[in-house]
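Have a look at the structure below, then the notes.
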Ligand SMILES: O=c1[nH]c(=O)n([C@H]2C[C@H](O)[C@@H](COP(=O)(O)O)O2)cc1CO
């Protein structure tokens with residue numbers, strides 16, 4: 001029985017997470033996106049959109065057309081088990097990705113600083129697959145992320 005448990009645990013795939021964070025909406029929270037990325041990887045998740053937390057992102061994305069960026073991200077979303085969005089910095093792309101995830105029935109966790117003016121499209125959204133949580137510091141941010149990904 002113990003052996004069977006071990007096999008089941010070792011066969012458990014790491015959850016694939018679509019990390020969503022502002023790019024053209026402003027990069028001022030890049031350090032927080034990096035912290036979320038590191039927390040997810042430490043917890044055994046695979047972050048498919050690692051580029052969102054990449055300080056060199058502009059260099060890579062500059063070589064891609066707008067259509068290529070869109071197609072790549074929609075393909076990554078289709079392969080994700082869940083989406084985690086940092087919504088403190090308002091971003092058209094982040095809002096769009098949240099909506100697309102919900103349409104595809106992919107669970108979404110939105111995280112934000114308590115001082116942020118988060119859209120009512122997130123805070124007032126009754127979709128049971130959407131969870132929105134404020135974090136006051138890195139400890140609470142880490143706890144919210146690790147609790148959420150336990151479900152996958
Ligand atoms: O170059 C890009 N690469 C890219 O992956 N995105 C996606 C991922 C981010 O979660 C989101 C950011 O949107 P925005 O650029 O509107 O802030 O869109 C967005 C852009 C630029 O709009």
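Glycine is no exception: its Cβ is also placed from the backbone N, Cα and C atoms.
Just so you know, TrEMBL annotations are computer predictions that nobody has curated.
Record check: TrEMBL places 18, 19, 20, 21, 22, 23, 24, 33, 119, 120, 121 at the substrate site, and the matching candidate among 46, 97, 131 is 97.
For residue 22 (substrate binding site), the number of other Cβ atoms no farther than 10 Å from its own Cβ, over all displayed protein chains, is 22. Residues from the binding-site residues list (18, 20, 24, 120) with a C-beta closer than 6 Å to any atom of ligand 1: 20, 24.
Neighbour list (residue 97 (substrate binding site), Cβ cut-off 8 Å, at least 6 residues apart, same chain): 18, 20, 73, 77, 83, 85.
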